[in-house]
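Structure first, then comments.
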Amino acid sequence: MIQRRSFSCLLYVLGLLLYSASLVCGGDIVHHDDSIPQRPGCNNNFVLVKVPTRVDGKEKEEFVGVGARFGPTLESKEKHATLIKLALADPPHCCTTPKSKLTGEVILVHRGNCSFTTKTKVAEAAGASAILIINNSTDLFKMVCEKGENVLDINIPVVMLPIDAGRSLEETVQSNSIVTLQLYSPKRPAVDVAEVFLWLMAVGTILCASYWSAWTAREEAIEQDKLLKDGSDELLQVSTTSSRGVVEITVISAILFVVVASCFLIMLYKLMSFWFIEVLVVLFCIGGVEGLQTCLVALLSCFRWFRRIGESYAKVPLLGEVSYLTLAVCPFCIVSAVIWAVYRQYPFAWIGQDILGISLIMTVLQIVRVPNLKVGVVLLSCGFMYDIFWVFVSKWWFRESVMIVVARGDKSGEDGIPMLLKIPRMFDPWGGYSIIGFGDIILPGLLVTFALRYDWLANKRLKSGYFLGTMSAYGLGLLITYIALNLMDGHGQPALLYIVPFILGTLTVLGHKRGDLKTLWTTGEPERPCPHVRLQHQS
């Protein structure tokens, strides 16, 4: 087996990268902006608008724009949206009456020279049925009313397009082609199947990792009890060997963990670019290979024939003793990670990313451990404040949510950072992905795995133990996160805001009620008066 201590350190460092992405997100289509004043006739939400086009009767590109604060609301279904001819404004900025009379066309105008409301009023007076305003950049700008405009009477839709979309439409019309289009803003379904599967993935990952960790801890305890019974001098050696691959978090390291993760998050935000994402992809592939290899070796070792191979070792330069089973699965893991990295832009790449991600998360939860409830409370409390600060409070300093910007991979040319589990939204007309950050699985998972290890070492039944309560608390907290996500129209939510109170509250209340709180808080291990008794788990 590859030297476990160096492997543990690698995973612990990667944990800092994983925790920097701690977010549940569905993507915004409705933007509530209370910083911009509302008044009668100027109180719309900023909604994304679909603009499917046809050229000479044939379907062409579909563009996405943003609706203005003013004007009527758009249709939500494509079949109800009218197909309208597109015309170019002359003069292009539409600050004065167009030279040609319009008969219900959608007019395409340039931004600048006058206010958005002035352009809209001129276009409406000229006979336009809607107005598309071309922005001067690839971003979408929030169109608001001018100061002093108290009551507006605008009766045509107003949509802004990015400069590349506007120029494409402009060039097509100038080539004497007939361009027609529709304007509609579809609503997202209340619940998408992707969110259900993502919930199952997160809960299932912690469930499997918890049993793996508890099984390992119980086997270590059984081995030590055998040696104690026999009075063997090998106890110290076995104890050192069994624990050498485990990293136990302390109170200090828990605090530093979050501080370093915050620094890394700021670095991601400031240096977000294509090359920086490439560096993250390489790091993710390294961690994914290690995680997938560890999980496959553990899974195959459940079978007798593979277990024999796993017990045979070969000396490898720089790595030391490595089992033949590890050498056998390692090429497969490397090839899997390389294939994902090469094809990560393709629609099906999320499958490989999730497989590598889940394997890495399970391995981290197996290697990194919370020794007692005190450390768990400090770690999750820091994570709680971390999530709230970087999702919500950071807007006051950076004018945007740092966590959301990093998770989306803005300004990088990539579809988000790789430290996420993601599933495509299956019944969402806007498409996109539902995502959850690794941190929202790893940090709560550390306490859930701690609870199951305690239950098994204390020979507690499932109903009388702490695992069932903490696992249910995690699932309920994550469920409430998704409810909040949908109530906020897909705006990213800090999952630990909802998960941490449920888990800590449940474990603390149950521990106090059953009289185990002092043991959970200090040692984290039950007293075993008879070390020679073989531990058995009863469910």
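The backbone N, Cα and C atoms fix where each Cβ goes, and this holds for glycine too.
What TrEMBL annotates here:
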- 1-26: signal peptide (SIGNAL)
- 91-168: domain 'PA' (DOMAIN)
- 196-214: transmembrane segment (TRANSMEM)
- 246-269: transmembrane segment (TRANSMEM)
- 275-303: transmembrane segment (TRANSMEM)
- 324-343: transmembrane segment (TRANSMEM)
- 349-368: transmembrane segment (TRANSMEM)
- 375-393: transmembrane segment (TRANSMEM)
- 430-452: transmembrane segment (TRANSMEM)
- 464-485: transmembrane segment (TRANSMEM)
- 491-510: transmembrane segment (TRANSMEM)
| Based on Cβ pairs under 8 Å, which of the stretches 196-214, 349-368, 491-510 lies most in contact with the transmembrane segment (246-269)? | 349-368
| request: Determine which recorded stretch among 275-303, 324-343, 349-368, 375-393, 430-452 has the most C-beta pairs below 8 angstroms with the transmembrane segment (196-214). | output: 430-452
| Between the transmembrane segment (375-393) and the transmembrane segment (491-510), are there at least three Cβ pairs closer than 8 Å, leaving out pairs fewer than 6 positions apart? | yes
| Segment confidence, the domain 'PA' (91-168), expressed as mean pLDDT | 87
| request: Write out how many residues of the domain 'PA' (91-168) are helix, how many strand and how many coil, based on DSSP. | output: 16 helix, 14 strand, 48 coil
